[in-house]
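Taken from Swiss-Prot as is:
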type	residues	note
DOMAIN	3-147	domain 'Globin'
MOD_RES	13	phosphothreonine
MOD_RES	45	phosphoserine
MOD_RES	51	phosphoserine
MOD_RES	53	phosphoserine
MOD_RES	60	N6-acetyllysine
BINDING	64, 93	heme b binding site
MOD_RES	83	N6-acetyllysine
MOD_RES	94	S-nitrosocysteine
MOD_RES	140	phosphoserine
MOD_RES	143	phosphoserine
MOD_RES	144	phosphoserine
């Protein structure tokens, strides 16, 4: 897992303070389900996922996206212990939900894309580098329970 410099932490925390968890979370999960349709199988209970517009307008997708991003907010407060922060979620996604750990990497990359869209010029290459390191760390932590 990557080591976070003080600069990384400041960069991540600064942008995070401006993130609308509901909007960015819903858009991130929605885009994951549209761009990588095989991920939809984990969300059978979410109802209509038949088209991009159905997915992006689905209230359950938005609600779960917010939940995902809220948990990410907890990680941002504990960047030096991502594995510990995500131990229970890793266990849930591995043992109970059987989610392919590759999906965590995909979700992280989609989040970076959504942040770039939302923050435009403010999302500089340096900011992206810190966020890529963070989403890679989170994906690794969430995958830690897998054998």
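Using the three backbone atoms N, Cα and C, a Cβ is placed for every residue, glycine included.
Structure with Swiss-Prot features highlighted.
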residue: 13; record: phosphothreonine; Cβ neighbours (10 Å): 13
residue: 45; record: phosphoserine; Cβ neighbours (10 Å): 6
residue: 51; record: phosphoserine; Cβ neighbours (10 Å): 10
residue: 53; record: phosphoserine; Cβ neighbours (10 Å): 11
residue: 60; record: N6-acetyllysine; Cβ neighbours (10 Å): 14
residue: 64; record: heme b binding site; Cβ neighbours (10 Å): 17
residue: 140; record: phosphoserine; Cβ neighbours (10 Å): 19
residue: 143; record: phosphoserine; Cβ neighbours (10 Å): 20
Residue 45 (phosphoserine) to residue 60 (N6-acetyllysine) - Cα separation in whole Å: 9
Integer Å distance between the CA atoms belonging to residue 51 (phosphoserine) and residue 13 (phosphothreonine): 34
Secondary structure content of the domain 'Globin' (3-147), with strand meaning DSSP E or B: 117 helix, 0 strand, 28 coil
Cα distance (Å, whole number) from residue 60 (N6-acetyllysine) to residue 53 (phosphoserine): 14
Inter-residue Cα distance where the pair is residue 140 (phosphoserine) and residue 60 (N6-acetyllysine), in Å: 26
Rounded distance in angstrom between the Cα atoms of residue 51 (phosphoserine) and residue 140 (phosphoserine): 30
